[in-house]
Amino acid sequence: MKKAVVVFSGGQDSTTCLVQALSRYDEVHAITFDYGQRHREEIETARRLASQLGIAAHKVMDVTMLGELAISALTRDEIPVSFELQDNGLPNTFVPGRNILFLTLAAIYAYQVGAEAVITGVCETDFSGYPDCRDEFVKALNQAVSLGLDRAIRFETPLMWLDKAETWALADHYGHLDTVRQQTLTCYNGIAGDGCGACPACDLRSRGLQQYLADKAGVAARLHQKTGLGEKSGC
């Protein structure tokens, strides 16, 4: 039996990864992290979607110690989310160590349940400049974690080279465009669906959706070229 663990926030990217995993694996688990994020509504969104999609198990882990250590606009309500980069060249929504911790804990969970893969929705095509979303980081951590566990757990990043429009096309390919559009929560201000429309996450999500809706065939063709999915299904 093929098993996978999806790092699941209840947002657009991780929900798209989850619906894809359900088509590829016999048993799918999801793990969600409570790190004291300002958009805490995403945890309840993840719970609701996990139940709705009928996965094998959904684990919510308390990792609020990350919020104590990592000062960010996502862990401090008094720090406004900004479009401007900081002096270090990173957005103020970067949470240092977040994906290091999340992927490591997800791998431990995968070890426990006998899963062969950990799936994460990180991407470096359309992304906010976070260093822990880069392909080279994920591959390096994957090697280290597999060595440390003495088990070949595979980190999968199905969205790594997709832009946001192509990610929308992928959700549509699996018949969940409306689910992702209406029920997921990507907004840094905790508003589901189309969100606040003003934060960087909403801007990226909205631009990708409009590009997809304006040229479904063209975007689906790009998705097909990159993944082998999309074009033939007519999404």
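Just so you know, glycine gets a Cβ as well, placed from its N, Cα and C.
What you are looking at is a predicted structure, and each value in this text was computed from that prediction instead of being measured.
Taken verbatim from Swiss-Prot:
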BINDING   PHE8, SER9, GLY10, GLY11, GLN12, ASP13, SER14, THR15, THR16, CYS17, LEU18  ATP binding site
BINDING   CYS187, CYS196, CYS199, CYS202  Zn(2+) binding site
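When Cα-Cα distances from LEU18 (ATP binding site) are compared across the binding-site residues CYS196, CYS199, CYS202, the shortest belongs to CYS202. Neighbouring residues of the recorded Zn(2+) site, listed in sequence order and excluding CYS187, CYS196, CYS199, CYS202, comprise THR186, TYR188, ASN189, ILE191, GLY195, GLY197, ALA198, PRO200, ALA201, ASP203 (Cβ within 8 Å of the Cβ centroid).
In the three-state DSSP classification, CYS196 (Zn(2+) binding site) falls within coil. Distance between Cα atoms for GLY10 (ATP binding site) and CYS196 (Zn(2+) binding site): 16 Å, as a whole number. Within 10 Å of its Cβ, the residue among the binding-site residues LEU18, CYS196, CYS199, CYS202 with the fewest other Cβ atoms is CYS196. Of the candidate binding-site residues, PHE8, GLN12, SER14, THR16, the one lying closest to CYS187 (Zn(2+) binding site) when CA atoms are compared is GLN12. Checked against CYS202 (Zn(2+) binding site) by C-alpha proximity, the binding-site residues PHE8, GLN12, SER14, THR16 yield GLN12 as the nearest.
Of the chain residues outside the ATP site list PHE8, SER9, GLY10, GLY11, GLN12, ASP13, SER14, THR15, THR16, CYS17, LEU18, VAL6, ALA46, GLY121, VAL180, THR184 have their Cβ within 8 Å of the site's Cβ mean position.
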